[in-house]
Amino acid sequence: MNVQAHMSGQRSGQVPNQGTVPQNNGNSQMQNLVGSNGAATAVTGAGAATGSGTGVRPSRNIVGAMDHDIMKLRQYMQTLVFNMLQQRQPSPADAASKAKYMDVARRLEEGLFKMAVTKEDYMNRSTLESRITSLIKGRQINNYNQRHANSSSVGTMIPTPGLSQTAGNPNLMVTSSVDATIVGNTNITSTALNTGNPLIAGGMHGGNMSNGYQHSSRNFSLGSGGSMTSMGAQRSTAQMIPTPGFVNSVTNNNSGGFSAEPTIVPQSQQQQQRQHTGGQNSHMLSNHMAAGVRPDMQSKPSGAANSSVNGDVGANEKIVDSGSSYTNASKKLQQGNFSLLSFCPDDLISGQHIESTFHISGEGYSTTNPDPFDGAITSAGTGTKAHNINTASFQPVSRVNSSLSHQQQFQQPPNRFQQQPNQIQQQQQQFLNQRKLKQQTPQQHRLISNDGLGKTQVDSDMVTKVKCEPGMENKSQAPQSQASERFQLSQLQNQYQNSGEDCQADAQLLPVESQSDICTSLPQNSQQIQQMMHPQNIGSDSSNSFSNLAVGVKSESSPQGQWPSKSQENTLMSNAISSGKHIQEDFRQRITGMDEAQPNNLTEGSVIGQNHTSTISESHNLQNSIGTTCRYGNVSHDPKFKNQQRWLLFLRHARSCKPPGGRCQDQNCVTVQKLWSHMDNCADPQCLYPRCRHTKALIGHYKNCKDPRCPVCVPVKTYQQQANVRALARLKNESSAVGSVNRSVVSNDSLSANAGAVSGTPRCADTLDNLQPSLKRLKVEQSFQPVVPKTESCKSSIVSTTEADLSQDAERKDHRPLKSETMEVKVEIPDNSVQAGFGIKETKSEPFENVPKPKPVSEPGKHGLSGDSPKQENIKMKKEPGWPKKEPGCPKKEELVESPELTSKSRKPKIKGVSLTELFTPEQVREHIRGLRQWVGQSKAKAEKNQAMENSMSENSCQLCAVEKLTFEPPPIYCTPCGARIKRNAMYYTVGGGETRHYFCIPCYNESRGDTILAEGTSMPKAKLEKKKNDEEIEESWVQCDKCQAWQHQICALFNGRRNDGGQAEYTCPYCYVIDVEQNERKPLLQSAVLGAKDLPRTILSDHIEQRLFKRLKQERTERARVQGTSYDEIPTVESLVVRVVSSVDKKLEVKSRFLEIFREDNFPTEFPYKSKVVLLFQKIEGVEVCLFGMYVQEFGSECSNPNQRRVYLSYLDSVKYFRPDIKSANGEALRTFVYHEILIGYLEYCKLRGFTSCYIWACPPLKGEDYILYCHPEIQKTPKSDKLREWYLAMLRKAAKEGIVAETTNLYDHFFLQTGECRAKVTAARLPYFDGDYWPGAAEDIISQMSQEDDGRKGNKKGILKKPITKRALKASGQSDFSGNASKDLLLMHKLGETIHPMKEDFIMVHLQHSCTHCCTLMVTGNRWVCSQCKDFQLCDGCYEAEQKREDRERHPVNQKDKHNIFPVEIADIPTDTKDRDEILESEFFDTRQAFLSLCQGNHYQYDTLRRAKHSSMMVLYHLHNPTAPAFVTTCNVCHLDIESGLGWRCEVCPDYDVCNACYKKEGCINHPHKLTTHPSLADQNAQNKEARQLRVLQLRKMLDLLVHASQCRSPVCLYPNCRKVKGLFRHGLRCKVRASGGCVLCKKMWYLLQLHARACKESECDVPRCGDLKEHLRRLQQQSDSRRRAAVMEMMRQRAAEVAGTSG
């Protein structure tokens, strides 16, 4: 017998093309299947190999029967088609596109070859284009398989006696009808492997039969993409003659049928009808059912059967996923009639009627018979045991295109299909022994086959009637496959055959449990089975039931998704016989009621609440498919554990069952709901309420169980998780395709109405037998040790192939095969596995925590937003995410996922706003996700790279942004001693932790010669230092949805980890949220639920800036409309802007010591009080208020001494480039520039109105790699150079000058270092305004230090600012005469400082808000301003005017001129006498200093490099602003003296220190307190956020700081100040603690945090609070290092600029 190889669209790594494989079986005419004219019929791909055939026996010769001329001809045609496709493309194709075109060309050529009648037709180039067009439209290719429909019906033909049974006539051999263009994802079409007859001996089993009948070949066809396609008995129709009088069957070529013929047909049954509907495109059913049918079986005499196999795999049109990869959506359903001849082993036939059955090891199949005419919905799955699996174990994943149908199973050496007799006998004996052992089990599970017409249910344990025969098992080899006989339909036309359109249906692959459990199954009633399996088509009246055959149809489109079928155990089926009358009656009923067939609607709720078999899990099937290696042992099948599993699931069902009572089909549901209600309020550990005590114990165990091998908890958790994953995956896939057709589902209520209930048994009971521990893939951020059983090695190969959700149009026009992907997944069951049903939330990774995140193995092909599969760029909606749409009759969401009531009853804190998307409308959510995939802020190359990842999403990818791994920008590290930044990938040393961590660069480490190193005055042993490399990468954290169990990046989900309440907060992903909102199951939260920018306190300053900004924006919009000539309403405007002052605190600036030493005699102030303010601009972008702009200012008021009196310093200003709309204003500048300028002008106007006289701006861009305020800027935003930045400021000042806000603009050098014109002011450093963080104060310290070293005779610093020191002679030459003491130092300082500043003097901008006196240069605020009538720039104050009048005429204005100008007074009015701020103090620990905010952002990775991150970072910044964190001291219970957790205690409203824990409060007689006790506020209570609550928290923080100061000064042992003793106790703890904060001591960390808060706000130079001085010195050092780096960068920039100027001039 021979094997035909039909390959199409082969890809690398798949089964090679196989040529004809001859075998010496006594029939020489069968040695060659392909003749000279028909060789190509065996080759559908032009590149088919010729010498790689595989037969049953490896010793047979391999002969290539391919005609090379035909192959070359076909290759030439492929090239023509390929060139034609390329010419149609507008742009040159890349390598990937060429590969796609070549694949399309290959399939088009195949269609052309099949269509061609003659060689001339095939080669005709004039008609080539029209033929290709018709092929693309899908008519010829789609109907190619129907060419058999007009051929003679083989079902009504019998062999012609006397004719030689040869297949030598090529015209009678039909190539595989699985067409790649129809299948869409066909990787391998029908590769028929001739398995031959294992028993080649003569007689009954060998060679040709003596009666002249052909010994039927057994064809095993491998389906496309790894699926098994059509498989049946081959018989040359040339030897068949029509049988008169028989009704012709309607053949469904795309149905999943089964056809089996006996090897020896008794003469009495020669005329028996053998209808064949195992069409060539039977992707699953006929293949799997045909596989393994033993050739040595005799037909049963009985002519009537009750198990007609449905030609359309029992698929109801409403259930079939017409968008799936194997569905022809344009076709209607096709009925097919079958004649199934069941077999039983010949050595078991003893003349009496024996129930026929067969067992197939390796591949296990079983048939379920709900109805004699509905046909068998079959499911095929691996039944191999551990000893049947080689090292490359196959792992079934219960889905179409899963590992069972993957081609790798069949890429075995030829000897994999061969069995030695001794092995076969051993396996037979082992099988029987195991069957006997199983019979001893107390519970015999059987599957009852019911004909659906009220016939007697027949129990059958068919294993007792089976004797394992050759070919049954493959020990340590791949499953041996034997095919039933299949008819190769010829191309002859037959008037009796009716053609019908086909509808393909996916079949689900279900693994079968190991051999030891092969007999077990659960009882099921007929109504269940009918609901599980609703075949639409009608089988013939002559069919038998098959044992060990089960096929479940998988409907992707319906919400329930999976057909309930036994996925773990080999289900045994009885042979229920019915009469022809009943068959005909049911036939009529089915025809008339076809459209009323009830489709299965299995949801998560119905699985639990009804007596169904289990839904199919993704990965728990692996446990049985690979044997005991990854199983938890037989203990999981203990009835005790099974009952506990059932009870847990039924509890979960009752908890979420809706409505609460009365309508649930299970009578026990209401009872369990009452039990839940009782347990919610029951606190009695010995409660006598029925089931209460034991249920609470079981739930308690379930909550706390961490055992990865627990036989109760792990299966339940696995089932719950995977049910939710599949539910949401189906919902995502439903609407993700370009267009879905024929998607109609029936609600769960209709299913419940027809479902039978088992009285007294929870309906979830039947699901538990299938629950096995599943794979839980751990998502690793850094490194971790996987949690796996010590004695098990559970590494398996999960082979999954993706599904395409094609629309009708996509299926016709582009059928791109999908690559199968093999992933190595290590079985690791984490301790923190999901416990979704009873209030246990999986721990989510927080910042700073490198915790592995479990992420479920999602269903292949259901990744991401559009349910798109890998390698499907052609049908992917790249820009618009797909969304699950509510179909008519779609079950409610709470039936698929956990209801909010469940989570709240299970004590999950219902914290509102844990994700900001909860405030969004569905459209805003969609807009947000669209924005995620735009990658705004990244460079074009990176953005395109990330966008390309959408087309290859995997289960590792984020479901929102479609990218898998995203890492943060590493925060900069600075050396503690020298302040230098440690470069990326450089080595360094570190010690300590948290705020006390110190870093040492290699040079500083090497400079310290001893065994210790000095850091901030503390000596540290070098032995404790840890050497590291600055190459750490931190991955973005993930969060898991509590409903669908899907994972997203926290940033993508706008998830607030601070609200997570220890990982227990309920989180709903955007997908589930949108579904809930659109189904009216929830409403978006009010905007007030999460406080935003508008909820921040308003101040006079913020109102002033906002009002001015909005007014000017209206004017600008009007101007734009005028310029563009359009109406005002048509002009885009700026929306949703919010300006707020987030910090306004009093500070003191201490004068540096060396500078103060010079001017101490002049009574120079030792410190300058000022107010530090932070102004932020927010704009709502895609529903999120994003911080776009910020500035720090220092206000030195009228109470401050000179030279800082009434001055303002613009300390830092920063922005990010996300402003919307990104357009130009009327004057040509960017609209965002207009807005930022108006904010600055508004602030200057506000300062002028308050009485400030000047503003100082240092136009200094940030260093490369560093930031001022907002951490990590986008790549698209270039850092401006100093000249560009300076011009930006000057443009703003020119606008302000036009409005009269700015009186004069100059620079620091011209105003203070020169005496030009009539200026009479002294040039001294004492006149320079002294600002915190400015350039010159730090530079002055360096210069003074250098001068001191010169005076001491020491060598100056080589890196000094000046190469040549300035001598007194030089000063004398310049006109300076006073060289005494400090005056000399002052002059030298001004000279050196002037030389330093002069090259960049334009960057130090002095803005005069009031007029300055020409003589003394003071800014006038009172009295009169004396103005010259002729000189506009000359004006004097009252004091200088009086002095001017006393001078001689030649010294008066104008100096040295005879004509004197008239000077007249102008009264100075409207300037306040003081600059007192009427705004309240606003404290913010995070915005206290620029460095504090930057550290917050760096430590928590609040980056602004992309809009995606900027939205999340701004959300978190607003959270911190609204929730100032008051330190939480440990509260002690006054009764039991144990610590009270936050929010879990009671406090007296009168007594300050009386607190009681919950346990003591509930105990009777424990509390004897006269005052009222109130509960502690918890995180859940923070939902009701309001401004009063925020003010209260601010007040608490202030009280805490006051308490710290009080405790540090208090000496009373019995102080009555609340919590004073506790703070003192912390002080004492800090003295004796050896662990310290750096070692992780909780108390020390709290104390350290409190001390830092105090030190930042402390203004006392001599403070009694411990470590206050040290902390302030630490902060000063950090600021000094930052200023030094800034100055050094400026000097380097100036040096480069000077070099450039010198180069150009030279």
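Just so it is clear, glycine is given a Cβ too, placed from its N, Cα and C backbone atoms.
Together with CYS1428, CYS1431, HIS1461, the Zn(2+) 2 site in Swiss-Prot holds one more listed residue from HIS1415, HIS1453, which is HIS1453. In Swiss-Prot, the zinc finger annotation falls on 1528-1581 of the listed ranges 718-771, 934-987, 1258-1311, 1528-1581. Residue density at HIS1569 (Zn(2+) 4 binding site): 15 other Cβ atoms are found within 10 A of its Cβ, drawing on all protein chains shown. Here the binding residues for acetyl-CoA are LEU1213, ASP1214, SER1215, ARG1232, THR1233, TRP1288. Their largest Cα to Cα distance works out to 14 Å. Comparing CYS1557 (Zn(2+) 3 binding site) with CYS1548 (Zn(2+) 4 binding site), their Cα atoms are 12 Å apart once rounded. Counted over every protein chain shown, other Cβ atoms within 10 Å are most numerous around LEU1213 among the binding-site residues LEU1213, CYS1416, CYS1548. Across the domain 'CBP/p300-type HAT' (1090-1526), the model assigns an average pLDDT of 88. Checked against CYS1440 (Zn(2+) 1 binding site), the binding-site residues SER1215, TRP1288, HIS1461, HIS1569 differ in C-alpha distance, with HIS1461 being the nearest. Taking the mean position of the Cβ atoms of CYS1413, CYS1416, CYS1437, CYS1440 as the Zn(2+) 1 site, the remaining same-chain residues with a Cβ inside 8 Å of that point are THR1414, HIS1415, CYS1417, THR1418, MET1420, LEU1436, ASP1438, GLY1439, TYR1441. Of the chain residues outside the Zn(2+) 2 site list CYS1428, CYS1431, HIS1453, HIS1461, SER1429, GLN1430, PHE1434, PRO1454, ASN1462, ILE1463 have their Cβ within 8 Å of the site's Cβ mean position.
Cβ proximity to the acetyl-CoA site centre (mean Cβ of LEU1213, ASP1214, SER1215, ARG1232, THR1233, TRP1288, cutoff 8 Å) flags the following additional same-chain residues: PHE1189, TYR1236. Cα of HIS1569 (Zn(2+) 4 binding site) to Cα of CYS1560 (Zn(2+) 3 binding site): a distance of 12 Å. Of all the binding-site residues listed here (LEU1213, ARG1232, THR1233, TRP1288, CYS1536), TRP1288 has the Cα closest to the Cα of HIS1453 (Zn(2+) 2 binding site). Between CYS1416 (Zn(2+) 1 binding site) and CYS1548 (Zn(2+) 4 binding site), the C-alpha separation comes to 65 Å.
Residue counts of the zinc finger (1408-1471) by helix, strand and coil are 12 helix, 15 strand, 37 coil (DSSP-based). Applying an 8 A CB threshold to same-chain residues 6+ apart, the list for HIS1461 (Zn(2+) 2 binding site) reads CYS1428, SER1429, GLN1430, CYS1431, PHE1434, HIS1453, PRO1454. For the pair formed by CYS1548 (Zn(2+) 4 binding site) and CYS1413 (Zn(2+) 1 binding site), distance between Cα atoms is given as 65 Å, rounded to the nearest Å. Following the DSSP three-state reduction, the secondary structure of LEU1213 (acetyl-CoA binding site) is strand.
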